[in-house]
Ligand SMILES: Nc1ncnc2c1ncn2[C@@H]1O[C@H](COP(=O)(O)OP(=O)(O)O)[C@@H](O)[C@H]1O
């Protein structure tokens, strides 16, 4: 199977081509320029690989959590490519992509969620893939959920930002901390290949971001007078 | 040539198909107004989250309703600005990816150009040149429109937009958001002449507008009657307010026609749906030889049809068909129409 994977959930813009198990990937520090860079980068990669868009059979994107605007750029581009070519899409969790990247057997993945909060998930590696001990959630570093046992690897910008609090919470569990890693299309492609094989591909219009932070404004009735 | 239009600049998702020969073939609109009502105004992040759910289902709906396949589309037109950045980016991402994947050109459309040209969707349609009065929730401008892309600003509001003044006054009258239409409905029950509100800048020697003083005067009047404001009193205030705003809009439009010596006036934007404004303009221009054009009511507020139309007209104006999109795009949350 041939897959395009893309991620714009951070200030990086990353792309990967999964070509029947071979991976080509690329990234650029984009700042706020993801929309300018992504599709031209994709064109260059396709041309260099000698692959036409018509040979692509699925689109994968980093569905979140991450920058809201970034998630929608990736999702919107994935929707547009897939709708135009009539091929399926899968959204891949950016926290699961972090777990895949550090490649330990037990992973605590945490990303900065701003406002003093974290996007957090805990995964254990199984034969079938990553089992979510805690599916992605939003929490304060002090209230991150417990995990059982030793040998856990902590990773992601959440650990960079709140290392002391998290090291204390997980003092019984942590084996190592890898703070500076960020989600990349390379691992999104690897995870997507499994998901497509499991029949998890969806129609373009069903591909949506997974924000985790769902309360973004107060209704008039909820505001204090 | 067949153009797919995508509008996502604020709180409406609009999709349409326009053909340069057969004109508007189909369109679909989803308004988020019910969702934002509980918040008392548009919440930008919620608007963006809704657009990304709506665009493709509406595209699919329009293609199905017109029995046209995506392969038949020659270009994609989307609203590049001005508007809410996140909302614009959603339509831009989907539109540009569609154009890139189909290797067709993409047209970056100015939202207000869409509004200005929207009366061209009707029959009879105005010819260039004309004066346009653009009155919406975000804008109040008089424009000299010489042709596609040739727009000269004659005057504009120095503070609030007319629609904004309608909405804020409606809120003070206890009406739901967005209250412009509800205020107009209430005013139909009003007694003419009971109250009089100021007509700011009516006699200034230019084509600019100001509505914030009028809004303040209305607020004072409403406060004064707060204790015993019967429905009748509220209706009377609504009428006085509507009368003042429309008087200013009419007078300045007529002055603009005189200065430019043009014979056609086009009214566009949400406030263009206001019936008192429509009646007053018809009344004042009767017998002058000047013709006034209004878009169909459904094309007064934001919609995809005007974006597809603007794209088609721009495409038609080019000597040769532009190349397929390379996929690079940006949005312009702030964008002056004269910079086109
Ligand atoms: N019948 C009406 N009378 C007065 N104002 C109206 C009427 N219908 C709609 N409006 C106003 O039009 C505005 C919406 O128009 P629209 O062109 O969608 O504006 P924008 O895109 O700038 O928000 C709102 O301010 C609304 O209250």
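Using the three backbone atoms N, Cα and C, a Cβ is placed for every residue, glycine included.
Among the features that TrEMBL reports, Fe cation binding site is placed at B:111, B:115, B:302. Feature annotation from TrEMBL assigns substrate binding site to B:134, B:135, B:136, B:137, B:138, B:167, B:180, B:274. The annotation domain 'Gcp-like' is assigned in TrEMBL to B:24-308.
Positions of the features from TrEMBL, shown on the structure.
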residue : record                 : DSSP (3 states)
B:115   : Fe cation binding site : helix
B:134   : substrate binding site : strand
B:167   : substrate binding site : helix
B:180   : substrate binding site : helix
B:274   : substrate binding site : coil
B:302   : Fe cation binding site : coil
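Figure note: comparing Cβ neighbours within 10 Å for the binding-site residues B:137, B:138, the maximum is reached by B:137. Looking just at the domain 'Gcp-like' (B:24-308), the mean pLDDT is 96. Counting only residues at least six positions away in the same chain, the Cβ atoms of B:161, B:162, B:163, B:249, B:267, B:268, B:269, B:270, B:271, B:272, B:277 sit under 8 Å from the Cβ of residue B:135 (substrate binding site). Those same-chain residues not listed among B:111, B:115, B:302 yet with C-beta within 8 angstroms of the centroid of the Fe cation site C-beta atoms are B:7, B:9, B:79, B:112, B:114, B:136, B:269, B:303, B:306, B:307. When the binding-site residues B:111, B:135, B:136, B:138, B:274 are checked against ligand 1, B:136, B:138, B:274 have a Cβ within less than 6 Å of one of its atoms.
Counting only residues at least six positions away in the same chain, the Cβ atoms of B:7, B:9, B:10, B:11, B:12, B:14, B:111, B:270 sit under 8 Å from the Cβ of residue B:302 (Fe cation binding site).
Around residue B:274 (substrate binding site), the same-chain residues six or more apart in sequence whose CB sits under 8 Å from its CB are B:180, B:184, B:242, B:246, listed in sequence order.
A sphere of 10 angstroms centred on the C-beta of residue B:134 (substrate binding site) encloses 27 other C-beta atoms. Across the structure, residue B:134 (substrate binding site) and residue B:115 (Fe cation binding site) are spaced 7 Å apart at their Cα atoms. Counting every protein chain shown, the Cβ of residue B:115 (Fe cation binding site) has 31 other Cβ atoms within 10 Å.
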